[in-house]
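Trainee: Structure in structure tokens, see below.
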């Protein structure tokens with residue numbers, strides 16, 4: 001059919017089978033096309049003959065125009081453009097077992113989860129289609145949807161990076177405890193744990209190493225401030241050399257020890273003295289002589305002045321007598337009397353017979 005310009009001597013029967021194969025299998029499936037043409041033709045021969053005769057030959061020049069109108073342009077690119085593969089570069093897969101992957105719904109080859117952050121984000125673009133009769137407003141609206149979707153993809157990747165940087169997946173699976181046992185670090189106090197909780201919002205702005213360095217520097221700052229206050233205290237007490245500080249600390253420790261022993265001895269002596277030592281805090285207050293021995297013990301245990309106790313006692317007994325006579329009482333107790341004090345005083349007055357048990 002092609003004459004002398006055709007290499008390989010293709011017969012008309014083979015040419016017809018080649019055209020049937022390209023229509024059936026599509027451009028590029030040269031193995032299937034070669035099997036359809038016949039065993040005498042290899043895939044390489046089929047490809048070279050079709051490209052040279054039907055694309056670059058006279059037939060291709062006559063049928064295929066130089067400029068194709070309305071050609072679809074591939075806008076995706078590996079340079080960070082919209083929807084490009086480099087937009088969300090997958091991280092290396094997590095080193096977890098198959099059972100843990102199933103527990104998390106994790107797909108290691110794609111570094112994806114069955115349930116992602118903002119699972120319905122794809123609905124923004126799933127129904128989009130480009131029509132050539134769209135006006136400018138519709139095109140801009142569709143572009144806005146794509147921009148919103150791209151921001152959601154970036155937010156997904158940002159959260160994955162944070163989880164990977166701070167080892168949140170091993171922490172969720174309980175593996176971080178084993179790692180902590182292997183490499184013991186400085187013991188963190190309760191105050192430092194509370195400070196770490198307060199600084200938790202900074203995790204999203206700093207990497208794990210940056211945050212750890214920041215936290216350690218804050219710990220060093222706290223130690224230095226405490227040391228400075230200690231040195232200033234030494235200076236106020238007239239100490240100018242570090243050698244003298246050890247002697248000063250030893251003397252201060254002895255002094256505090258003597259003061260503690262003195263307080264213990266005074267408390268024991270007060271107990272031995274009896275009731276006079278027990279009532280030393282209230283015996284000089286007004287109204288002390290009006291109290292009975294039991295009332296003195298009560299006021300001393302409640303740390304309540306005799307005058308205030310007498311006032312509360314008078315109000316309670318007055319309310320009790322008015323209720324017995326059927327008179328409604330609206331008297332208010334003093335503000336310094338909380339529920340615990342009121343209950344203790346009511347129980348005492350009931351046990352002493354001042355008011356009946358039903359009234360209390």
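Each residue's number is its place along the chain shown, starting with 1.
A Cβ is built for glycine as well, from the same backbone N, Cα and C atoms used for every other residue.
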Trainee: Checking feature assignment: region 'Disordered' per TrEMBL, candidates 183-213, 214-244, 245-275. Which range matches?
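Mentor: Here TrEMBL associates region 'Disordered' with the stretch 245-275.
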Trainee: Could you give me three numbers for the domain 'Myb-like' (7-54), the DSSP helix, strand and coil residue counts?
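Mentor: Breakdown, helix to coil: 34 helix, 0 strand, 14 coil.
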Trainee: Compute the average pLDDT of the predicted model within the domain 'SANT' (5-58).
Mentor: 87
